[in-house]
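Contents: one structure, followed by commentary.
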Amino acid sequence: MKCLKDGFLHHIRSIKSGSTLTAVSSNQLVNLYSKSGLLREARNVFDEMLERNVYSWNAVIAAYVKFNNVKEARELFESDNCERDLITYNTLLSGFAKTDGCESEAIEMFGEMHRKEKDDIWIDDFTVTTMVKLSAKLTNVFYGEQLHGVLVKTGNDGTKFAVSSLIHMYSKCGKFKEVCNIFNGSCVEFVDSVARNAMIAAYCREGDIDKALSVFWRNPELNDTISWNTLIAGYAQNGYEEEALKMAVSMEENGLKWDEHSFGAVLNVLSSLKSLKIGKEVHARVLKNGSYSNKFVSSGIVDVYCKCGNMKYAESAHLLYGFGNLYSASSMIVGYSSQGKMVEAKRLFDSLSEKNLVVWTAMFLGYLNLRQPDSVLELARAFIANETNTPDSLVMVSVLGACSLQAYMEPGKEIHGHSLRTGILMDKKLVTAFVDMYSKCGNVEYAERIFDSSFERDTVMYNAMIAGCAHHGHEAKSFQHFEDMTEGGFKPDEITFMALLSACRHRGLVLEGEKYFKSMIEAYNISPETGHYTCMIDLYGKAYRLDKAIELMEGIDQVEKDAVILGAFLNACSWNKNTELVKEVEEKLLVIEGSNGSRYIQIANAYASSGRWDEMQRIRHQMRGKELEIFSGCSWANIDKQFHMFTSSDISHYETEAIYAMLHFVTKDLSEIDEIMI
């Protein structure tokens, strides 16, 4: 039976004649139906078989794995009468390895196979390369290195599959030196197009597009769809979206048609560019081509419309061919959250009968980006109760972000404990999130412990540590971390200097502040932003060096249009009791923010600090009759896992009388302490 038509005819004839199919014929039909996408028919043939052998079980399990139904494949595998061999194990192992959320099952099965070697279930090179690919997916280089050792020990490290898998794994894990060693050290006969494509992808991840192109052009056999798709994706991931589109056009000019991966890569580029017009054109081509049945293509279409802010088109596309596609659903959730529509996002989220980590993460990030920490923590409780997904580092980062926003350490410590118990990979993003959370919760010691225990660091992690120390008055530690950072070869950015200048401002360290400000501009070629200027102006103002603040203001372009900088300079004038400058700043500031009530209050207080009560009354009088926006500051306390929020002179709390009574006693005690100290 070489084709589907022959298989159908043979099957129909056997049904009409009432004859029983042989085991060989049944196995052929199962394979034929599964290859043709007829999974239900394949299962029916399998269920009707009177006699099954190991080939029968392998055929039907492979069919379910092919269609990403590892749950059903596992049930068949674990059934009492299932006959298994190495192919059966490898088939299910590959299914677990490529299915999101089943990575732990793959690791368990690999361990089981290792234990069953005495039962003739030998681990072969396919088994190990499958696990190497899983290591790449998890970016777990430690596990990947162990598997590399197994391949070397068994003499399978030079096979074509092993070479391409190892290149891919080390590339994904950021070990580019090892990538080059494997590629350059392999025999030419084992470096096939798969390995060369893996090398192209590795160069792209490293950001070296020129070398990727060099490999591509030097090997004419790479003029295929896979190689072109790799380059298109490589340009895109390095921020060269326009070049990626040109490469996609060149691909067709070279006689190659776009496939599902091409459409997916192009749609990702259009999402980044927010190109609605071209997105619609590609959408039309997808409909004509029929590639919309691919989940990545259909979710890519939805994502383009979401990124372009056209939720009406996105909703239509999702309903037409994204229904049941969790990647499409996650794009919709991100689209809704980007427009602040978390009610719609939550409604879609709740309507999903099945949720994977991608969907959960989209919801977590949606709430976090809109600064709704309570909702993040509530969602985290629902995630734990769900018990169908194991939290990954991105989920943990989202919850830790919520803890940081509320300075709420307890959930953060629970996540820390969970990560230690489960042995989850502490990547740089997760370590940075822990450092940030502990710092913002006031436990700088814990933050430093985690920072010191990290083997891999980057600029973002150093920034979190420097900012944490600066915020809590440990300016010497901030400066030391900066020295360690630069000595380690990490390049500071504008956030680094923002943290350093904040440390100087808190302690009134004028000389150090000037040194870092000058270094930022001259040594690192970083243009100062509003935050850097306000730090320096505050620093000069508190040090009673108003002349320096004036000199700095004179060198800032378009300063009269920046309300934040003018507000900082107003404070500096107030501290130095310079009412003439307060008057000048008042005129400029109210032109920009004449509807902001907080600015009127700030100006009135500036006059009051200099004893100019007449000017203060004038400002207060101007406020009358105007519809001004006044934003009240607030404080909160967490007691028994419940947040209590208060604004100035708040009387809304149900225990208001008791709270004010306690505040009265505390204030009285503090006054007595002040008198004793004086």
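Residue numbering: from 1, along the chain as shown.
The backbone N, Cα and C atoms fix where each Cβ goes, glycine too.
Taken from Swiss-Prot, the feature region 'Type E motif' covers 565-640.
The region 'Type E(+) motif' annotation in Swiss-Prot covers 641-671.
Taken from Swiss-Prot, the feature repeat 'PPR 1' covers 22-56.
Marked as repeat 'PPR 2' by Swiss-Prot: 57-84. DSSP labels the residues of the repeat 'PPR 2' (57-84) in these numbers: 19 helix, 0 strand, 9 coil.
Sequence annotations record features per position, and here Swiss-Prot assigns repeat 'PPR 3' to 85-116. Within the chain carrying the repeat 'PPR 3' (85-116), a Cβ under 8 angstroms from the stretch's Cβ atoms is held by residues 54, 57-58, 61-62, 64-65, 68, 70, 73-74, 77, 122-124, 126-127, 130-131, 133-134, 137-138, 356-358, 388-390, all 6 or more beyond its ends.
Note on the repeat 'PPR 4' (124-158): mean pLDDT across this stretch is 85. Annotation source Swiss-Prot lists repeat 'PPR 4' at 124-158.
Taken from Swiss-Prot, the feature repeat 'PPR 5' covers 159-190.
Beyond the repeat 'PPR 6' (192-222), the same-chain residues lying 6 or more positions past its ends with a Cβ under 8 Å from any Cβ of the stretch are 160-161, 163-165, 167-168, 170-172, 174, 176, 179, 183, 186, 230-231, 233-235, 237-238, 240. For 192-222, the entry in Swiss-Prot reads repeat 'PPR 6'.
Counted with DSSP, the repeat 'PPR 7' (224-258) comes out as 26 helix, 0 strand, 9 coil. Swiss-Prot lists 224-258 with the feature repeat 'PPR 7'.
According to Swiss-Prot, the repeat 'PPR 9' annotation covers 294-324. Counting residues of the repeat 'PPR 9' (294-324) by DSSP class, helix then strand then coil, yields 24 helix, 0 strand, 7 coil.
Each residue in the repeat 'PPR 11' (360-390) gets a DSSP state, and the totals come to 24 helix, 0 strand, 7 coil. The feature repeat 'PPR 11' is assigned by Swiss-Prot to 360-390.
Tertiary proximity for the repeat 'PPR 12' (392-426) is limited to same-chain residues at least six positions away from its ends with a CB under 8 Å from its CB atoms, namely 138-140, 357, 360-361, 364-365, 367-368, 371, 373-374, 376-377, 380, 383, 433-434, 436-438, 440-443, 454, 636, 638, 641, 643. Look at Swiss-Prot and you will find 392-426 tagged as repeat 'PPR 12'.
Sequence-distant neighbours of the repeat 'PPR 15' (493-528) (same chain, 6+ residues past either end, Cβ-Cβ under 8 Å): 459, 462-463, 466-467, 469-471, 473, 475, 478-479, 482, 485, 535-536, 538-540, 542-543, 545, 548. What Swiss-Prot lists as repeat 'PPR 15' is 493-528.
For 529-563, the entry in Swiss-Prot reads repeat 'PPR 16'. Within the chain carrying the repeat 'PPR 16' (529-563), a Cβ under 8 angstroms from the stretch's Cβ atoms is held by residues 494, 497-498, 501-502, 504-505, 508-510, 513-514, 517, 520, 569, 571-573, 575-576, 578, 581, 588-589, 592-593, 596, 599, all 6 or more beyond its ends.
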Tell me the residue counts in helix, strand and coil for the repeat 'PPR 4' (124-158), as DSSP assigns them.
28 helix, 0 strand, 7 coil
For the repeat 'PPR 4' (124-158), distant same-chain residues with Cβ under 8 A (at least six beyond the ends):
86, 89-90, 93-94, 97-98, 103, 106-107, 110, 113, 165-166, 168-175, 186-187, 190, 425, 427
Would you mind splitting the repeat 'PPR 12' (392-426) into helix, strand and coil residue counts from DSSP?
28 helix, 0 strand, 7 coil
What residues in the same chain, six or more past the boundaries of the repeat 'PPR 5' (159-190), come closer than 8 Å to it by Cβ-Cβ distance?
125-126, 128-129, 132-133, 135-137, 139-141, 144, 148, 151, 197-199, 201-202, 205-206
